[in-house]
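One structure is given here, and the rest of the page talks about it.
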Amino acid sequence: MPIVPEILREVALTEEEYARAVALLGREPNLIELGMIGALWSEHCGYKHSRPLLRKLPTSGPHVVQGPGENAGAVELGDGLVVVLKIESHNHPSAVEPFQGAATGVGGIVRDIFAMGARPIALADSLRFGPLEEPRQQYLFHGVVGGIGWYGNCLGIPTVAGDVFFAPEYRQNPLVNAMCVGIAERSALIRARATGPGNLVVLVGADTGRDGIHGATFASVEDPERSHRGVVQVGNPFLEKLLLEACLEVLETGAVVAMQDLGAAGLTSASAEIAARGGTGIELDVALVPRRETGMTPYEVMLSESQERMLLVVDPEGIDRVLAIFRRWELHAVVIGRVTDDGLLRVLEDGQVVAELPVWLLTDACPTYVREAREAGEIRERRAFDPDALPDLQPAEVAEMLAALLRSPNIASRRPIYRTYDHTILTNTVLPPGAADAAVLRIKGQRFGIALKTDCNPRYCLLDPRLGTMHAVAEAARNVSCVGAEPLAITDCLNFGNPERPEIYYQLVQAIEGMAEACTVLGIPVVSGNVSLYNETEGRSIPPTPVVGIVGRLADVRRCVGMGFRGEGKVFLLGSELATLGGSEFLAQRHGLVAGAPPPLDLELERRVQACVREGIARGIVLAAHDCSEGGLLIALAESCMVGRIGGRFTTESLIAANGRLDRALFGESASRVIVQVAEGAEGALLGLARAHGVPVQELGRTGGDRFVVGELVDQPLSELIELWTTGLVESA
């Protein structure tokens, strides 16, 4: 049939890309082949705009076992164990059907982890919504949170960390980024590489339906006109639990050569990717694929994104053992093809060839684009705004401002979110959500443990995408350092608008360059990740949102500390005393502005502050640690008091004098700042430690009592602050 523009739009190929495919193939592709090319050449699968840029990121390091290019990254922990980590987006499906979109996002990221041979032990999520007082945003919020909790809870995997942010720019395009970590024996890791011609290709899991067809291309274009409910998959966490356990068991047979999740572009992507990595070809017969719907065409079978499916390459000598294990788990597993040595992805239907493409054409020949990059003038104007031109906060207004910030959705307690998640199942959670700047998990049978967190301040990234992304890396690392963990590796999820627009491509370029610089200076490799572009509707884009997921290692999990103050003791500030109002939560709440330059970031000072905090925790000097981020110093102090359920008396005169303004000193934001509570009698040790690391330090006050007192500015019962903080999100939703 002739290829007309309507068909090209359906598969998200431009006329130029179609001409490229014809030239490379030496003939016109048929409709099935065209759909396969469109899916694998989509932004979602082919990374057309980001692939050249991602090469700038540091991906190697002394602990890295597996970097980008596999289902997930892996980092050495010690004693023969590795931690496997990955983050991915499910933004577009969640905007259409929030519950199932978020739920299947969790399912997909979990499959990426056990596809490596690792047992998933924890989840984290990074979420973005519009203003929560709006009914549609409440619908999205409750749907997404409910979907994450439902799928994770049913799977028996705790959701222990994450972050959430609310801003008008996310009204039409919410973001749902899901992260999973797993633990494996290094020797048991398996790669998704289809080696060994003659080995068998096995499809296991759910029967294939029509759900999710064109899901990859849907996530690669801006198309607000169409209803896309049909491309949102429906998840079955109970089936995934069986799949997880069965896949880990069949790996023990030694007969499994490769394993791959069926995610975006379904069977097409999974088979092409494992063949490409293995330097082989694959022949499949779609007539052998179990289906739950009648009349499905080869096109639909190859592009279906039905959930809870895995593709395995199995040695023929072990196939009976593998299939027997799957039967015992009551899973439908069938041999649908074999590995070949001709480098082709050949699709049969009842033995007749219906599509045949070179694997390299699908995976390596996807065009890449370098676009014009130009910063939007409106953003330059916003960044040039000087917050000092605004009237300063008056002393009598400080307590009221503190209350307003504590109940604002971007600062209020996240308990209404994480209470819907089972965060203690598996009995590994040492520091749960809300107790610390990062979650801490033990590894059974080991003294060491891991910490994990996600971070990104989109206001900073909007105003300065390079600096804002550097802040995201620094804050994520600071968060795991504040529990005593050494940052090991990062997995990133780059959420942006339409890269064909110069101002959006500029944001993407700047963000990746900023991430590369921060990771290089801090010595943290990027081992996996995901790119989600075209997050915009009718030309209105989301702010650049490069989410950083991080994993850290604690040498002794028993020595971790939380953010809550523990009993009476002195409190100190480590890091710079200077702050800024640019891009701050205060500026948005008080003046309704997202403007000014984000705080400067000295990466060398950041590195020293984090090392100082980690050593202080390891030596037992530091009893509690909390980084100063959104809301500034006063919010950080209040949060540590509220979490620890103890009051305190603090003084800020020197900070006010140094900053020259009351609002900047109390609610201004800055990088490289951590408040710490010190063990009785250990004040001198902290001062000596700070000097040794070259870190500024000053005393802020002392904990005790049941009131929160800041000089002559604030004197309130802690219980009142707790009430404001813990109900803020509930009242908004």
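Just so you know, glycine gets a Cβ as well, placed from its N, Cα and C.
Per Swiss-Prot, the ATP site holds Tyr47, Lys86, Gly529; the candidate it also names there, chosen from Asp125, Asp464, Asp492, is Asp492. Substrate binding, as stated in Swiss-Prot, involves Ser89, His90, Asn91, His92, Arg111, Glu305, Ser306, Gln307, Ser532; the candidate among Gln172, Gln233, Gln589 given for that site is Gln233. The ATP site, placed at the center of the C-beta atoms of Tyr47, Lys86, Asp492, Gly529, has further neighbours from the same chain whose C-beta lies within 8 angstroms: Leu54, Pro68, Ile87, Glu88, Thr491, Cys493, Leu494, Val526, Ser528, Asn530, Val531. Of all the binding-site residues in the list Asp492, Gly529, Asn530, the shortest Cα-Cα distance to Ser89 (substrate binding site) is found for Asn530. Around His90 (active site, proton acceptor), the same-chain residues six or more apart in sequence whose CB sits under 8 Å from its CB are Gly101, Ala102, Thr104, Gly105, Gly108, Val176, Asn177, Ala178, listed in sequence order. Here the Cβ of Asp492 (ATP binding site) has 31 other Cβ atoms within 10 Å, regardless of which shown protein chain they belong to. Across the residues annotated as binding substrate (Ser89, His90, Asn91, His92, Arg111, Gln233, Glu305, Ser306, Gln307, Ser532), the widest Cα-Cα separation comes to 20 Å. In terms of Cα spacing, the binding-site residues Glu88, Gly529, Asn530 that come within 10 Å of His44 (active site) are Asn530. If you take the CA of Asn530 (Mg(2+) 1 binding site) and look 10 A around it, the binding-site residues you hit from Tyr47, Asn91, Gln307 are Tyr47.
When the Cα of Glu88 (Mg(2+) 1 binding site) is compared against those of the binding-site residues Asp112, Gln307, Gly529, the shortest separation belongs to Gly529. Considering only the binding-site residues Asp112, Asp261, Glu305, Gln307, the residues lying within 10 A of Lys86 (ATP binding site) on a C-alpha to C-alpha basis are Asp112.
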